[in-house]
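A.B. asks: Straight from TrEMBL, here's the annotation block:
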- 40-60: transmembrane segment (TRANSMEM)
- 72-91: transmembrane segment (TRANSMEM)
- 103-124: transmembrane segment (TRANSMEM)
- 163-185: transmembrane segment (TRANSMEM)
- 192-217: transmembrane segment (TRANSMEM)
- 259-281: transmembrane segment (TRANSMEM)
- 302-326: transmembrane segment (TRANSMEM)
- 346-368: transmembrane segment (TRANSMEM)
- 396-414: transmembrane segment (TRANSMEM)
- 420-442: transmembrane segment (TRANSMEM)
- 506-531: domain 'Cationic amino acid transporter C-terminal' (DOMAIN)
- 508-526: transmembrane segment (TRANSMEM)
Amino acid sequence: MGFWVDSQRGGIRSLIRRKQVDSVHARLEDRPQLAKELSVLQLIAIGVGSTIGAGVYVLVGTVAREHTGPALTISFLIAGIAAALSAFCYAELASRCPSAGSAYHYSYICVGESVAWMIGWALILEYTIGGAAVARGISPNLALFFGGENDLPIFLARVHIPWLNVVVDPCASILVLVVTGLLCVGIKESSLVQAIVTTANVCVMVFVIVVGGYLGFQNGWLDMNSLAGKQHVYSICLDLGTIISDYNLLLHLLIIFRYFPFGLNGVLAGSATVFFAFIGFDSVASTAEEVKNPQRDLPLGIGIALSICCGLYMLVSIVIVGLVPYFTMDPDTPISSAFASHGMQWAVYIITAGAVTALFSTLMGSILPQPRILMAMARDGLLPPFFSDVNKKTQIPVKSTIFTGICAALLALFMDVSQLAGMVSVGTLLAFTIVAISILIIRYVPPDEVPLPSSLQDSIDAISSEDSHAIEEGNPKDSFDVSDHCQSKGEASVGYPLIRKESDEAGTWLRVSIWMILGIVVYIFYGRTHSLLLDAVYVPTAHADKIYHGSLDYVA
């Protein structure tokens, strides 16, 4: 009896078949590779640029007014810690499995093919809608430099088509196509452009922090020193004074109330809202195959990028809630209004320029990962080989990039994607959850069998025969017992958490469900029957290296 092999061609087992963890053998496969051009600094630029979007220029006003008050900084800190936990999972998996595909690739290795397909399908939707939504937010900001939306050049201005009830945004579509062209040139060139744009955005945030901090120290931090604030505190004093006679206790309670006017629940609600301002570091993980030293550079790039973003968010929030009382903030343009209240109307142009650069950089970060996910899925046979083609000159999946750009450009041109934005959050939630589960699996329940191509069948039979002789001679040290193998697989189980997001509307979940059902249909009729693992032979992990070395096809 030799070690057990299985092709896992059909039935339930075909849905949970897992591919091989990245290894030297997998990298020796005859397939075009992406260019290894990225270093730590470029990864940091991609991470910061993809994370810091224009949302921070709006979120600080909305969240401070409705949830946190001056404690907005604490909300950003809590959200940053939560994002760091997800980032650590991505960093570990990206360094262990440095291939393109991000969450799709990790779930294929750790969970199984069907789950990986659904994650990849959800990420396709997330990045396409996310990129289109970001692009449609640029033209209103650009309009400021032209004197208003009505003064934009005709080829950039939005046009309403009454008979279709559609607002066409050519500016958004053009920008998506420009970004697509940049990404087709090469990863080194596109990352350089993103680094320049990200630097400009960071400079604007530093301007807000430095100049805003100077104004705050020069004029005094307003907040509760304003007339409205004093009246608000005075009314609280009257209420609490009738209950608490200890003056020192009353003073401490008032100080706490001034900083936490909505209580701990408000701070946590604010953290849940601003958490999505930290999303973007997963774009770094999608470039794992293009990193020169992925085991070292990916964790550093993800960690440093997230730390920079969290620090900038917290400093900006400290400045803004100090310049303007939280209850008088403009929810739409909080930063610009805060500077205007101190006689610096000209600062609105600098801040708007920062918002435009932030949106442009985020747009690049939204479109960058999707071609690589499509390429990874096509490499595995789950999508047509058209998407896995890598240009020999630029070493970029050009066809996938162009396809992604055209789809995002059409969405940005014709659709009001604000109604679909909730679907982006659902896709992100699914990806983060499956990545966390994958970490548990790869640490505590690692795959104990490896899929090998059927071309290695002769070597597999030879090694299996050797093990059969070893068992007959009473030396089962290197042999593999079928019953033990099956028992280990039966004992291992992983619990999947329920994914809930109560604030999502029923329409969002309905649209997500329709998209996922469509994905199931595509998988059943194409992906499942074209998977590269369809004819793979599964052997124990301990015997994989011996089989490779024993094969005539192995290239040292």
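Using N, Cα and C of the backbone, Cβ positions are placed for all residues, glycine too.
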A.B. asks: Averaged across the domain 'Cationic amino acid transporter C-terminal' (506-531), what pLDDT does the model get? Just tell me the whole number, please.
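C.D. replies: Per the prediction, mean pLDDT sits at 89 for the domain 'Cationic amino acid transporter C-terminal' (506-531).
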A.B. asks: With an 8 Å cut-off on Cβ pairs and a sequence gap of 6 or more, do the transmembrane segment (192-217) and the transmembrane segment (103-124) reach 3 or more such pairs?
C.D. replies: no
A.B. asks: Can you tell me how the residues of the domain 'Cationic amino acid transporter C-terminal' (506-531) break down into helix, strand and coil by DSSP?
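C.D. replies: Reading the DSSP string over the domain 'Cationic amino acid transporter C-terminal' (506-531) gives 25 helix, 0 strand, 1 coil.
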A.B. asks: Quick one: do the transmembrane segment (302-326) and the transmembrane segment (396-414) reach 3+ CB pairs under 8 Å, ignoring pairs fewer than 6 apart in sequence?
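C.D. replies: Counting Cβ pairs under 8 Å, fewer than 3, so no.
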A.B. asks: Take the C-beta pairs under 8 A between the transmembrane segment (72-91) and each of 163-185, 396-414, 420-442. Which stretch has the highest count?
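C.D. replies: Ranked by Cβ pairs under 8 Å, first place goes to 420-442.
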A.B. asks: Please identify the stretch among 103-124, 259-281, 346-368, 396-414, 420-442 with the greatest number of Cβ pairs below 8 Å relative to the transmembrane segment (40-60).
C.D. replies: 346-368
A.B. asks: Answer yes if the transmembrane segment (420-442) and the transmembrane segment (103-124) have at least three CB pairs under 8 Å among residue pairs 6 or more apart in sequence, and no otherwise.
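C.D. replies: Yes, since the transmembrane segment (420-442) and the transmembrane segment (103-124) share at least 3 Cβ pairs closer than 8 Å, they count as touching.
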A.B. asks: I need to check the long-range neighbours of the transmembrane segment (259-281): which residues 6 or more away from its ends have a CB within less than 8 Å of a CB in the stretch?
C.D. replies: 47, 49-53, 55-56, 59, 62-64, 67-72, 74-76, 78-80, 82-83, 86-87, 90, 302, 305-306, 309-310, 313, 326, 362, 365, 425, 428
A.B. asks: Are there residues at least 6 beyond the ends of the transmembrane segment (103-124) whose Cβ is under 8 Å from a Cβ of it, and what are they?
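C.D. replies: Hits for the transmembrane segment (103-124): 14-22, 93, 97, 282, 285, 369-370, 373-374, 376-377, 380, 382, 426-427, 430-432, 434-435, 437-438, 441-442, 447, 494, 512, 515-516, 519-520, 522-523, 527-528, 531, 533.
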